[in-house]
Amino acid sequence: MTPEHLPTEQYEAQLAEKVVRLQSMMAPFSDLVPEVFRSPVSHYRMRAEFRIWHDGDDLYHIIFDQQTKSRIRVDSFPAASELINQLMTAMIAGVRNNPVLRHKLFQIDYLTTLSNQAVVSLLYHKKLDDEWRQEAEALRDALRAQNLNVHLIGRATKTKIELDQDYIDERLPVAGKEMIYRQVENSFTQPNAAMNIQMLEWALDVTKGSKGDLLELYCGNGNFSLALARNFDRVLATEIAKPSVAAAQYNIAANHIDNVQIIRMAAEEFTQAMNGVREFNRLQGIDLKSYQCETIFVDPPRSGLDSETEKMVQAYPCILYISCNPETLCKNLETLSQTHKVERLALFDQFPYTHHMECGVLLTAK
């Protein structure tokens with residue numbers, strides 16, 4: 001695979017290999033055949049980051065080969081959304097002959113949505129001043145004149161200049177209902193929007209008919225908790241990153257959801273609060289004891305759940321676990337399978353043509 005060529009003819013084979021690999025990894029815990037969710041074969045990534053290489057009068061996007069670390073010029077990137085590809089061409093054309101915008105520019109980050117909005121961040125090794133802002137505004141206006149719905153951001157050390165805003169609003173059809181998700185530049189969002197829809201619909205399907213409330217750790221911008229709110233009486237969710245919490249609060253209002261409560265704290269702190277080990281000012285006015293959480297949802301970082309959180313989730317009759325790293329999922333299952341049984345297993349091909357797999361398991365108490 002090269003950045004400018006996707007081996008689409010190998011899509012089925014690479015997906016089949018992942019299914020076999022996941023089944024083999026899960027064999028100690030379950031004999032289920034994974035439910036398989038396919039990605040679009042191209043234009044599936046909604047975000048991308050590129051270094052910018054200056055070569056005489058020319059400049060262009062590059063990435064580094066993961067093995068050799070050599071530079072690879074990238075003029076088009078079929079893994080990324082069609083909007084990112086349009087913007088890559090337009091940004092280079094707009095910056096190449098503009099000394100103010102190109103000087104010490106070292107990276108461009110793109111974030112796009114299925115609703116055809118974009119935030120583009122230009123990263124610099126220099127101070128950004130009013131002259132930069134004026135030139136950036138002219139570039140933004142020129143891009144919009146090409147019918148590109150784009151917001152530009154300039155970044156340098158301890159500096160962030162938003163020309164308009166640093167977010168875009170995604171609209172996803174999820175099980176017959178449109179969901180609005182605010183996505184903030186430089187915050188985590190699901191990279192493959194088509195796969196995200198399938199993950200949300202699978203999570204809704206496996207929690208159909210759930211009793212009581214839902215607890216979610218690591219909720220981000222509320223991606224899962226807001227979609228799942230329709231299956232539960234109430235949802236209590238934790239998140240540590242301030243921009244993500246603010247986006248989640250916006251998303252609650254935008255989707256007219258009245259049964260979701262977001263708390264800004266780490267999963268480890270929340271465990272202490274639930275166990276009565278510590279009291280937190282942030283929890284004033286929230287009666288944790290009033291929640292009857294029968295289901296816990298976790299979508300942890302690649303490192304998986306720490307041992308304290310493992311113990312905590314075992315207290316819940318139902319565990320829904322989305323994993324971006326099946327190796328740490330299996331490590332967690334060594335503990336969780338002592339008390340819970342795998343009822344559903346899914347493979348989400350979030351990152352086609354790579355070794356990476358995303359998967360989901362539903363566990364119920366034995």
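Placed from the backbone N, Cα and C atoms, the Cβ positions cover glycine too.
Since we're looking at a predicted model, the values are computed, not measured.
Per Swiss-Prot, these features apply:
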BINDING   Q190, Y218, N223, E239, D299  S-adenosyl-L-methionine binding site
ACT_SITE  C324  active site, nucleophile
ACT_SITE  E358  active site, proton acceptor
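Sequence features, as recorded in Swiss-Prot, placed on the structure.
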residue	record	DSSP class
Q190	S-adenosyl-L-methionine binding site	coil
Y218	S-adenosyl-L-methionine binding site	coil
N223	S-adenosyl-L-methionine binding site	helix
E239	S-adenosyl-L-methionine binding site	strand
D299	S-adenosyl-L-methionine binding site	coil
C324	active site, nucleophile	coil
E358	active site, proton acceptor	strand
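Apart from the site residues Q190, Y218, N223, E239, D299, the chain places the Cβ of F188, E216, C219, G220, N221, G222, F224 no farther than 8 Å from the centroid of the site's Cβ atoms, the recorded S-adenosyl-L-methionine location. A distance of 11 Å separates the Cα atom of C324 (active site, nucleophile) from that of Q190 (S-adenosyl-L-methionine binding site). When the Cα atoms are compared, Q190 (S-adenosyl-L-methionine binding site) and E358 (active site, proton acceptor) turn out to be 11 Å apart. Within the group of recorded positions (D299, E358), the Cβ with the highest number of other Cβ atoms inside 10 Å belongs to E358. For C324 (active site, nucleophile), other Cβ atoms within 10 Å of its Cβ number 18. Ranking the binding-site residues Q190, N223 by the number of CB atoms within 10 A of their own CB puts N223 at the top.
Residues Q190, Y218, N223, E239, D299, recorded as binding S-adenosyl-L-methionine, reach a greatest CA to CA spacing of 16 Å. Its Cβ taken as reference, E239 (S-adenosyl-L-methionine binding site) is surrounded by 26 other Cβ atoms within 10 Å in the chains shown. Of all Cβ atoms in the protein chains displayed, 22 besides its own lie within 10 Å of the Cβ of Y218 (S-adenosyl-L-methionine binding site).
The CA atom of N223 (S-adenosyl-L-methionine binding site) is located 16 Å away from the CA atom of E358 (active site, proton acceptor). A distance of 10 Å separates the Cα atom of D299 (S-adenosyl-L-methionine binding site) from that of E358 (active site, proton acceptor).
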